Structures are given as structure tokens and as C-alpha cells.
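As C-alpha cells, the structure follows; a few thoughts come after it.
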Amino acid sequence: MNRRSTSLLIWLFACVIVLGLFLPSLFINKNFIDERNHAPYLLQKNWQVFYGQQPVQGDSWQPFGEEEWKKLNGYKGSLWVKRTLPELPWRKPYLFLFGMNKFEVFLDGQSVYRFNMEPGPHWNHFLMTRHPIPIFPEQQEKEIMLHMEWDRMPFVMNSWILAADPDTILTLTIQRDTSRYIYSVLYLTVGIVGLIFFARRKEKLYFWFSMLTLSAGLGLLLLCSSLQWFADVQALYYWKDLLLTLGVYAFTGLYGEVLGASRRLIIRITKLALLLYTVASLFAGIWNPTWYWKMLNDGFPWLAIASIGVVTYALARFPNNAQRPYERRWLLRGYAILVVGGLGHMIANTLFAQAMPNIRLWPYFETVIANLLPNGLLLFMSCMVLVVIHRVGYIYQDSERNAKELKAKNIELEQFHRNLEQLVEIRTEELGEANRSLTVTLREKAETLAEVSVLEERNRIAHDMHDVVGHTLTAAIVQLEASKKLAAKEGNLPMEKLDTVSGLVRKGLEDIRKTVRMLKSDSPPVKLEAALRELIRETIETMEVAVEADIEIPFELGKLTEKVIYHALQEGLTNGIRHAKCSWFRYTVRPDGQWLDIKLWNDGMPFGFAKPGFGLTSMMERIHLLGGTIEIGSSEGDDGVPIGCELAIKLPLPQERSSPASTAG
């Protein structure tokens, strides 16, 4: 015999022991009743019945026995039953009525108890609620009459009226319900733990498991009839059978989830049908208790059987979807015992009223049936606990395996870390070497830039000396030439001319000093138009030439632009006097749209194709740097012969200032 067969035999033996012997009510002391008291007994004989409205004297009554009890299963209307109370031996005797939904009790013609006789639906479980009615000494051996409104309910034949001492009834009821209280506390605790697991891990398996165990726990708790002695649970008794539909719904969802078949169409349809039937039963219970009982007692057993069949099909159809064979075995065993317990409970509840007399002939068999569902649930829970333990063990083994793999990875990571440190050291040395090389390169670049800066400064000084001092020296040369001619002509040196030359040389020296001082700081700003007119005035006075000027500068143009315009006029005047031998200039400056148009014309020799000198070349570079244009040429006379020399320059005006001028023009 292999290990699996041995495990199965042990499991079957455990099932027989639990279902057949784990019956707490068998071990309760039946002789607990005090000798001064008497055991409870049934008042089910000597009753007479009348069907219809309130009877009057002369109406015929008939015996109310077993034959009449069976007829009530399909009867709807009023009925009256009566008998004479016997002498009751207790000090405080009570009658306990059971199995009726609407009734009124009369003792000696006086109403002593009334229950749900008002019109409308009432939420009452007629098989759970017991109605205690005290009997006083003067009421004994009097006639008792019951008026009942019946609505096709089964009649509880043997225990519908009981006479007893209330303390005795309470003790018996608590002893009978003890096992149910224990089971309900156990299942409710497990269900709450399942909800906690579901809240933490969000796995549907825990949700279905907790729903099943909570339904079982609440259902068993509401099967305890002693509960009504301590709290008003009449409405809860009424709704307790609805927990059975929720339990079957959770059972189907649980096995569908464990088998990996929760998304299969047949499982989804079954769960939807169970959920809709539960909701429909809920609404039926609110509006019509008769339909509520019919749906739960007549319709739901067939739906439950169909659901169990679907789960059976899923177990056979999807065997490979279960995660592990060991878990699958215990799932199958739990499934089998739960099906046996659930079906046995439903069949017992359905046939309880009809088979009650026969069942009570065998008290042991009655006890086994009463404990079938609780014990079946206990065995099912044991299977689920074994599945959970196995899964926890598997998780532990998986964690150990992961820990070993993690340790190996950690060793690899440490080695990688050491290699990385070595690589970082190598890269750091390489970066240090590169940084040192870059430092040398930057130093060389800085030295080169310094040299370039010195060269640029030298060029600027050269340009300024050429533009400024050159113009002054040119004027001095002109005056010296005039002095030479005058001295040759008159035979003596003209002192006036020599004074002029002396002033020009001094001015040239001052210009050189200004140029040198510009290396340290710029001179105070001077308006461009004033500077241009001052230059023209000095040229006229010292060069003995005529200059016609038309200057229109709309606004400040920027320091560099103004400097270029000034030196361009200075260069044009110097070249015209020195090279073109001119005697008259025409100079115009005026805005033209987005441009500043500058022209300087003289009447000297034509420009021709002469190569520009140092001054013109520097001026062209500056103009092009500003984005302007420059042209040098000669005008043509009426006979087509070139006349004089013309310098034409166009410089762009600043964009934000040229727009208004352009619009105004």
C-alpha cells in the first residue's frame, strides 16, 4: 500500500469518527433535572380543529391529529384548535409554541398572547422562534384555544406545543446549541483572519475562503435557538437561510479560483446565477415571505445541486490547473465531505417536518443528521488548513531557495563591487591625467588668447593713430608745402604758416596721448553730429578746402557705429586732400528706411582702380562687421569722363528705432 492510499484511509477513518462520534449532545447528562421538577412533555393529543372564521356554538369540531397536520401543508386560511389544559406540575409552568407564523392564544375565552396577526408580511422564521406563554394556577384545567392564519406552510407535528419549566427549557436548549456556538466562533474567527489576509494581499482566494467561513459561522450561530433568550433575533432567524445561498456562491468561487478556472465561462455563469438567485430571494423575502420560503426550500436545492455538479466538472475537466498535486488531493477531500454535509443538511431541512416522527424514533440518527453540516464544515476546514500549511511550507522552501540564490548573487555583487572600485581607480587616474593635459592645454590657450588680445589692441591703436594722427599730420604737411612755396616766392619764412604747422604738430601729439590714454579708459561721450561738424570745421580751417555738409542723425546709433561714421569721414577727407588733390567736398548723412545713407564726394582726381590702403581696409572691415556696405568710385560728367571720387556707405539702423522713422518717411 503506497503512501497516498494510506493517507486516504486515514482520512476516511477520521471522517467516520467525526461524523459518527463527535456529537456533543450525546455526552450531555440527561438526568440533570431536579427530582422535585418534571421533564418537559408535549401537549399534542386531545386537540380539536375548526376551519374557517371564528366558530360559534353549535359548529362541528373534528379531531386535530396526524391526518389533519399533513393537510396543512397546502392549506391557506383560518383555523381554530382547542383542548382543555391538564394540571401542570411545575411551580411556574409555561407553554412553548413552535412552528406558527400568525396566531393568537385564548385561555378560558381571554386573549393571552398574540403574534403577527396584523395584515402584511412579517419577517419570522416559524421553525426557529419559540413563543413562551406563562400559565397561572387559576388558568390550569381551563380551555385553551388557538386561532391561526395559515399560508401553505408545513406543520411541525411533534413539537408544536410543549409544557415545561422555562429554566429547564433554557438549559436543554443551551446544551443542544453548545457545539454550534463552538463551531460558529471557530468559523467566524477563521473568516475574519481570511479577510485580514485578503485586505493585505488582495488575493481572491482569501476573499472566497473568508466569505464561505463567515457564511458558515453566521449560519451556525443563527441555528442556535437559545440565542432568542438573550437578544431579539427574530428577523435574523428569518434571513439565516439566505446565508446558505451565499455559502454555495462562495464555495463555487473558491474552487474556481483554486483550480485556476475562475475565468471559465461555465464557472462565471454559475456564479452569476447564484448571485442573481440570492438577490432575487432577498427581494422575495422583503415583499412576500411565502415566495421567499418557496425559493429557498423548493428552488434553491436544485440550483445548489447544479452548482456542485459544475464544481465536480471543473475538478475533472481542469486537473492540471491546480498548482500542486498535494493541495489538489486535499481540495478534493474537502470538496467531497462538504458536499456530503451540505446536501445532507439541505435534505434534512426539506424533509424535516414530514419525517420528524420517524426520525425521533432513532435519537442517535437524529443527532448525526443535526450535526452533519457542522461536522462536515469542520472536516472541510481541516482540509483547507492542511492546504494552507502546505502552501506556507512551500513558500518557506521557496524563500530558503531564494535566500541561497540571493546569497550567491550577493557574493557576485561584492566581486562586482570590488572590480568596480578597481575600475573607478583606473578611470580616476586616467581622468587625472586628462585633467592635467587639459590644464596645460587651457594654459596654452589662455596665453594664445592673451597674445591675440595684445595684437587686437595693437591693431586698434594703429587704426586710431592712422585715423586721428594721420589726418592731423596730413594737414601739417599741407601747411608745410604751402610755406615752402610761399618762402620760395617771397624769399622769407611765413610765420603765420609756421605757427599753424606748430599747432597741427602739437594737436597730433595730443591725439597720440589721447590714443594711449584710451588703453586705460574711454573719453567722455560726445554727440556724433557735433563731432562731425567740429571735424569739418577744423578741416576747412587747416586744409584750405571747402566742405558742404548735410547731416541728419535721428537718434543715438551706438558707440561703435558712431565711431565708424566719424572715422569714415576722417579717412575720406584725409585721402581726398592727400591723394586726390581736391579743393571741395560734399558730405550727406540721412536715414533711408531701415538704413543710414552716408555719402562723401570730392572734386579731385578720379579714384580709378587703385588698391585700398591701410585706412580704407580697416574702415571696410568695421563697416562689414556692423552689417553695412561700402562703395568707392567716381562720378561721370556730361561727356562721360570720370569726375572726382565718391565714398558711399550704408549702415543698418537699430530695429526698434528704425521702424518709426521708416513709417514717418
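The count begins at 1 with the first shown residue.
Backbone N, Cα and C atoms are what each Cβ position is placed from, and that goes for glycine too.
Among the ranges 90-108, 242-260, the one that TrEMBL lists as transmembrane segment is 242-260.
As annotated in TrEMBL, transmembrane segment covers the listed stretch 330-348 rather than the other ranges in 330-348, 349-367. The transmembrane segment annotation in TrEMBL falls on one of the ranges 8-29, 272-293, namely 272-293. Highest Cβ pair count under 8 Å relative to the transmembrane segment (299-318), across stretches 181-199, 242-260, 368-389: 242-260. Sequence-distant contacts of the transmembrane segment (242-260) (same chain, at least 6 residues past either end, Cβ-Cβ under 8 Å): 204-205, 207-209, 211-212, 215-216, 218-219, 222, 267, 270-271, 274-275, 277-278, 281-282, 285, 296, 300, 303-304, 307-308, 310-311, 314-315, 318, 321-323, 327, 331, 335, 338, 342, 346. Looking at which of 181-199, 330-348, 368-389 has the most CB pairs under 8 Å to the transmembrane segment (206-230), the answer is the stretch 181-199.
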